[in-house]
Amino acid sequence: MSDLKAAALRALKLMDLTTLNDDDTDAKVISLCHDAKTAVGNTAAICIYPRFIPIAKKTLREQGTPEVRIATVTNFPHGNDDIDIAVAETKAAVAYGADEVDVVFPYRALMAGDEKVGFELVKQCKEACGDILLKVIIETGELKEEALIKKASQICIEAGADFIKTSTGKVPVNATPEYARMMLEVIRDMGVAETVGFKPAGGVRTAEDAAAYLAMADEILGDNWVDARHYRFGASSLLTNLLNTLEVSDDVADPTAY
């Protein structure tokens, strides 16, 4: 197997296959669940709006892939600084049956100099999650500056985040290798690689993209760090490219170019 094919297979099994569109329907989510099951293995998870969790759970069970995890989003996509709303949404997501919650960090508050609200929001959302994985989206493409990206990452980790995630996919600039490196370096420098994972999201569209991100993680955190507990790709259109690279002809619906 070529290096690119090996990376493609690795990336496929780390995907949070995503549809987060205003026009999502039960039918689109059912199709997404079908896409998560491929001839070369399953994606790690699907990522959907909370209201679709019951239909997704049913579909995944019926198609024989109950191990595909269901991630959902809260405080999404704007990252407002109302802690009570973020916590209420997170509790509701857990009640719906989410396996993982991707919450948006109040990044604008941090840009305005408020570090406390982000810490408290993440801390309380993690308490609401219990054992359920909490991924925190810091919106790197809006923070832009290395100091802010690293500070947001540190706050999230100190507050109990299980993952730090680049982006919502809803702003002009999403994951970039530059931003990914900053966040991976924080995980390394804080000595939390055993407990904290990383998720680039938005803009990872090809096997070559994914291979470069994985090589960076191997370089910074070691060859044995990347696994589904420590690394995910938030993407939709990536799956078709990975399957093409692997020369597998699955008929994949493309919910967006996320």
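For all residues, glycine too, the Cβ spot is worked out from N, Cα and C.
Swiss-Prot has this to say about the protein:
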- Asp102: active site, proton donor/acceptor (ACT_SITE)
- Lys165: active site, schiff-base intermediate with acetaldehyde (ACT_SITE)
- Lys199: active site, proton donor/acceptor (ACT_SITE)
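Of all the Cβ atoms in the protein chains shown, 25 others lie within 10 Å of the Cβ of Lys199 (active site, proton donor/acceptor). The secondary structure of Lys199 (active site, proton donor/acceptor), as reduced to three states from DSSP, is extended strand.
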